[in-house]
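Student: Could you have a look at this structure, given as structure tokens, before my questions?
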Amino acid sequence: MNAQAILVLDFGSQYSQLIARRIREIGVYTKVIPYYTPLKEIKNMNISGIILSGSPASVYSKEAPTLDMEIFNLKIPVLGICYGMQIIVKLFGGLVSKDSKQEYGRSEIFLKDEKSLLFSELPNKFQIIMSHGDSIEKIPDNFKQLAFTKNCIASISNETQKIYGLQFHPEVTHSEFGDQILKNFVFKICQAQINWSLEGNLETIVKKIKLKVGSKKVILGLSGGTDSLVCALLIKKAINENLICVFVNTGLLRKNENKKILELKHQYDLNIKYIDASTKFLNRLKNISDPEEKRKIIGKEFVDVFEKITLEDQNIEYLAQGTIYSDVIESKSKDSSSSKIKSHHNVGGLPDKMSLKLLEPLNEFFKDEIIQIGINLGIKKESLYRHPFPGPGLAIRIIGEVTQEKINILQEADNILTEELFINDLYYQIRQAFVVLLPVKSVGVMGDQRTYEYTAVIRCVNTQDFMTAEWTELPYSFLKKVSSRIINEVRGINRVCYDISSKPPSTIEWE
């Protein structure tokens, strides 16, 4: 896309793409590139503003990512967020302290300069999300303080050069007025024009798929989740019958998943090939407890299945995946300055060498954008708003070794949770809900008998984009009913817990 863009220089923050998402939400094209992109390339880009992302690094580290000072001479407005502000301070001769108080989570900010365009139309105090270990000790010459918290300098600016810094994260949904701050930077400071729409970008993606694939065929692993279904219909729109959807029964699926996925064949006129590989997957996972190893094994087994299919049809050249932005972000490795959270099956679980070329048409979109694309493609509510299900399936919701017994137990427990969510009209009010089976047994009493069985954990979260999430405050009466049903109806579980962890610091899935 050649439209003028807001450029996000990524220093390795898990939220870099989220910054881009927030700005795209207000209608402006946004591009994310690595911080080490040569200045010559940046000069050749059509950009109206630059945002410096956060980073897990400290500016004091010898290997800390840095920036070419010449970028500030391009006469383009710059906004540094968290680490981005700290690198500005360091480069301009200020002082960043690594011994000051760390701040993580909610904090109250107070405006010192209410006339700044960055905080235009905002109250003089509000709640924001902090996530930093270092903080500003001394502001550089020609900069001024715009805002503060009880513990640190929260914002600075050099109005003459249009350089701004925020110690907090306006891009996360729990920062009050974060969207307005980004709007102020984009429209009032950068003078950017509205030039982005999901519909227009959708047409571009279809054209790109046609151009890339040509007359070749594409296979796609259909999981029944929103991402893979949207991906399938998008590719079908581009290449029609040259898309072959493959439903691999891994034996790690939700209860009755086979039936639901095969129904998609008739609902959306998809060419679906069914393969039962459950025995093979379970045998390969025997005695494996490490979550990363489980993901890698499952990824390799999927590719093996797909590559065998290509032997039957030499015209198949591409493997399509419903990889989305958050998958890519969480799978970034440390060599790109981002702390790796976990490898996603879609991006980190595939072997380095495979004969198929990878096609990922959704890897620049966030979850809410995927849903909007699905609406545009005519996907029904019950398919579009199904709760996400990971590629490795129940293998990463069974903590520790995967066995057939544990799969059966978890399928039944998870199905009870889903049933009760529908019965109580709660399913569509929650973005993701599932049960985790722990490798922990505890003593219980059922009737007059002593039991020693597994512990199940219910996990329910609400989120807009799956980059941050809050645990869902469900009614006690509902939790009591679900717990009672699981313990009484599922042989093998005698204790049920409820996970009240938010993201961050926890991830949504346990593995």
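Glycine residues also receive a Cβ, built from the backbone N, Cα and C atoms like all the rest.
Worth saying up front: this structure is predicted, and the values here are computed from it rather than measured.
Feature list, courtesy of Swiss-Prot:
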type	residues	note
DOMAIN	5-195	domain 'Glutamine amidotransferase type-1'
ACT_SITE	CYS82	active site, nucleophile
ACT_SITE	HIS169	active site
ACT_SITE	GLU171	active site
DOMAIN	196-386	domain 'GMPS ATP-PPase'
BINDING	SER223, GLY224, GLY225, THR226, ASP227, SER228, LEU229	ATP binding site
Student: Which one is it: of the recorded positions CYS82, SER223, GLY224, GLY225, THR226, whose Cα lies the shortest distance from the Cα of GLU171 (active site)?
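Tutor: Looking at Cα distances from GLU171 (active site), the smallest one goes to CYS82.
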Student: Please report the number of other Cβ atoms within 10 Å of the Cβ of GLU171 (active site).
Tutor: 30
Student: Pick from CYS82, LEU229: which of these recorded positions has the biggest number of other Cβ atoms within 10 Å of its Cβ?
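Tutor: Output for this query is LEU229.
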Student: With the ATP site defined by SER223, GLY224, GLY225, THR226, ASP227, SER228, LEU229, which remaining residues of that chain have Cβ atoms positioned within 8 Å of the Cβ centroid?
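Tutor: Filtered neighbour residues, in order: LEU222, VAL230, CYS231, GLY322, ARG386, PRO388, PHE389.
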Student: Cα distance, HIS169 (active site) to LEU229 (ATP binding site), nearest Å?
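Tutor: Pair distance, Cα basis, whole Å: 33 Å.
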Student: Sequence order is fine: just name those recorded positions in HIS169, GLY224, GLY225, THR226, ASP227, SER228 with a Cα within 10 angstroms of CYS82 (active site, nucleophile).
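Tutor: Checking Cα-Cα distances against CYS82 (active site, nucleophile), the recorded positions within 10 Å turn out to be HIS169.
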Student: What does DSSP say about LEU229 (ATP binding site): helix, strand or coil?
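Tutor: Helix, per DSSP.
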Student: For CYS82 (active site, nucleophile), what is the secondary structure by DSSP, using just helix, strand and coil?
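Tutor: Going by the DSSP assignment, CYS82 (active site, nucleophile) belongs to neither helix nor strand, so it counts as coil.
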